[in-house]
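*Asks:* First, the structure itself, so that you have it in front of you.
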Amino acid sequence: MSKKIVNPPRLQGLSRLRVRPKREKNTIPCGQEMAALLGCWQNHGGQTDTAQCANLVAALENCMKTTHRKTKSENTINYHLARLGKLL
C-alpha cells in the first residue's frame, strides 16, 4: 500500500532573506613591528628617541609604507536574495 500525503507541509514565507557576513579576524598590519618598538621603548625608560630602537623605528616605517589596506568588497548575495525573496 502506498500512502498519499493529503496536505503536504508548506514552508512559512520569510519576510527578508539575508546572509550574515563572515566574521573576519582583525589582523593588524605591522603589529609585530609596533609591539617590538613599544617593548624597546619600555625597556629604555620610555624615551622615544633612543639610538637602540632606531632600527625598529625604521622597520615600522618601512612596513607602514609598503602595507596596503584591503578594500572591502561588497557582498552581492544579499542583493540576489532580496530579488529571489520577491518571487517566493
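Every residue, even glycine, has its Cβ placed from backbone N, Cα and C.
Pulled these from Swiss-Prot:
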DISULFID  CYS30-CYS63  disulfide bond
DISULFID  CYS40-CYS53  disulfide bond
DOMAIN    27-71  domain 'CHCH'
MOTIF     30-40  motif 'Cx9C motif 1'
MOTIF     53-63  motif 'Cx9C motif 2'
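Quick one: how deep are these features, and who are their neighbours?
*Replies:* Within the same chain, residues at least 6 positions away in sequence whose Cβ sits under 8 Å from that of CYS30 (disulfide bond) are LEU60, CYS63, MET64, THR67.
Look at CYS40 (disulfide bond): DSSP puts it in a helix. Around CYS40 (disulfide bond), taking its Cβ as the centre, 17 other Cβ atoms fall within 10 Å, counting all chains.
The average pLDDT computed over the domain 'CHCH' (27-71) stands at 87.
Residues of the same chain lying 6 or more positions beyond the ends of the motif 'Cx9C motif 2' (53-63) and with a Cβ under 8 Å from any Cβ of it are 29-30, 33-34, 36-37, 40-41, 44.
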*Asks:* Sequence gap of 6 or more, C-beta under 8 Å: which same-chain residues meet both conditions with respect to CYS53 (disulfide bond)?
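*Replies:* When sequence neighbours closer than 6 are ignored, CYS53 (disulfide bond) has LEU37, CYS40, TRP41, HIS44 within Cβ distance under 8 Å.
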